[in-house]
Amino acid sequence: MADQEVLVLRGTLEGHNGWVTSLATTPAHPDLLLSGSRDKTLIKWKLTGGEDNQYGIPKKSFKGHSHIVQDVTISADGAYALSASWDRTLRLWDLETGETTQRFVGHKGDVLSVSIAKNLRQIVSASRDKTVKVWNTIGECMATLTGHNDWVSAVRISPSDQSSTVISASWDKTVKSWDLADYSVNADFIGHTGYISCITLSPDGSLCASAGKDGVIILWDLNKNKTLYTLEAKAEVHALAFSPNRYWLAAATTSGIKIFKLQERSLLDELKPEFAVGATAKDPEAISLAWSADGQNLFAGYTDNVIRVWQVMTPSA
């Protein structure tokens, strides 16, 4: 029975000295995980799959940013990484060597999010300066998209080959869809009652999920530019990730990670590690998520600087 699947905590990856703010994987390198942190670095991990109780080993630390790294992503060909930082810049890195190959300078505030087109031609970034910027790969700003009236917390380019859509989310409580061809607004998605901190696009680019302060996840149909339905996370949401091969959505909330089954619009599982009980300490929270390319593992970055690895299992009846 496929519906009996649950997620089991399999291991941890330790190497960062600050909150793990972002995670990225790529089908081009199934044994690779990239993480970004408040410690100003990125770490490239080689995933070992649990041999010797180790789920992965840090292979390289990418240094160069002078402030918190807020977001990381990997190019579709698996050759490059991109990072967004509170130092107001983006960096393009050679994923193999860990060297910076390009800096992107122009934002007037912390850069909070970055995304690269599948064809590798365009890069978009979102900032506390309330703008989305569109760049080419040699670091030239091609356009500045204005329209949000508060911090732009997240931006994603559609993964679909046929699409030139960019989705952005803001603390102004709106999600916007932009056309990269002429930099116009396709649609404004209204519905959140608090700031939005994260968005994720489905693997085929047809769906967007957004969430944040109000504890409600809204699913949007990007083909028809309309609201589909909502899911109740019942807690502030820090991160979202669609499974690459199941109709699931993972949400990192202040009260644990929730896995929703989208077909049934129901909660499949809730992931809460056992933390040592502290007198005053809050439990660490998951603030970043990424599924492995095969959908069998969920990686979560936490505020105790640790990455936890959950595996999809079918309990033997």
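The backbone N, Cα and C atoms fix where each Cβ goes, and this holds for glycine too.
As given in Swiss-Prot:
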REPEAT    15-55  repeat 'WD 1'
REPEAT    64-103  repeat 'WD 2'
REPEAT    106-146  repeat 'WD 3'
REPEAT    148-188  repeat 'WD 4'
REPEAT    191-230  repeat 'WD 5'
REPEAT    232-272  repeat 'WD 6'
REPEAT    281-317  repeat 'WD 7'
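Residues 109, 112-119, 122, 124-128, 130-132, 134, 194-201, 203-206, 208, 210, 212, 218, 220, 222, 225 of the same chain lie 6 or more positions beyond the ends of the repeat 'WD 4' (148-188) yet place their CB under 8 Å from a CB of it.
With a threshold of 8 Å between CB atoms, the same-chain residues lying at least 6 positions outside the repeat 'WD 6' (232-272) that come near it are 5-7, 9, 197-203, 207, 209-213, 215-217, 219, 283, 285-291, 293-295, 298, 300, 310. Here the repeat 'WD 5' (191-230) has, by DSSP, the following mix of helix, strand and coil residues: 0 helix, 23 strand, 17 coil. Look at the repeat 'WD 2' (64-103): DSSP puts its residues at 0 helix, 22 strand, 18 coil.
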